[in-house]
Each structure stands twice: as structure tokens, then as C-alpha cells.
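Here's the structure, in C-alpha cells; my notes come after.
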Amino acid sequence: IATVDCSDYPKPVCSLEDMPLCGSDSKTYSNKCNFCNAVVDSNGTLTLSHFGKC
């Protein structure tokens, strides 16, 4: 199972780094920061499906 450590999030600003992650909501997040901010917003219900685009 792929996991991402989001303990340092949320962050107010994310870099434009392009390292896509696919969330359990079938959305592609451009990088870990954007994904982790979404995880925090979802109260932990969003999980990582896999690395790369959905």
C-alpha cells in the first residue's frame, strides 16, 4: 500500500513541483503538498490510490 506522510500539512502555499499522485477520489493531485492539503481538508477520508496520474 502506498502511503504519504502528511504530518507537516496543511501548508499555505504549495510549490509548482510536478510529481502527480492519484487520490482515492480518482483526482490527480499535482504534488504531495496539494494532495496533503486535500487530505487535511477531507478530515483524513482521502487516501492515496497510487503514485502517478489517475
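The chain as shown is numbered from 1 upward.
A Cβ is built for glycine as well, from the same backbone N, Cα and C atoms used for every other residue.
According to Swiss-Prot, the protein has these features:
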DISULFID  CYS6-CYS36  disulfide bond
DISULFID  CYS14-CYS33  disulfide bond
DISULFID  CYS22-CYS54  disulfide bond
DOMAIN    4-54  domain 'Kazal-like'
CARBOHYD  ASN43  N-linked glycosylation site
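Annotated features, which come from Swiss-Prot, shown on the structure.
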residue : record                      : Cβ within 10 Å
CYS6    : disulfide bond              : 18
CYS14   : disulfide bond              : 17
CYS22   : disulfide bond              : 18
CYS33   : disulfide bond              : 20
CYS36   : disulfide bond              : 23
ASN43   : N-linked glycosylation site : 7
CYS54   : disulfide bond              : 13
Discussion item. Roughly how many Å lie between the Cα atoms of CYS22 (disulfide bond) and CYS14 (disulfide bond), rounded to a whole value?
Written reply: 17
Worksheet item: When the Cα-Cα distance from CYS14 (disulfide bond) is computed for each of the recorded positions CYS6, CYS36, ASN43, CYS54, which gives the smallest value?
Response: CYS36
Worksheet item: Hey, how far is CYS36 (disulfide bond) from CYS54 (disulfide bond), Cα to Cα, in Å?
Response: 16
Worksheet item: Nearest to CYS33 (disulfide bond) in three-dimensional space, by Cα, is which of the recorded positions CYS6, ASN43, CYS54?
Response: CYS6
Worksheet item: If one measures from the C-alpha of ASN43 (N-linked glycosylation site) to the C-alpha of CYS54 (disulfide bond), what distance in angstrom results, rounded to a whole number?
Response: 22
Worksheet, complete the sentence: Taking only the CA atoms, the spacing between CYS54 (disulfide bond) and CYS6 (disulfide bond), expressed in whole angstrom, is 20
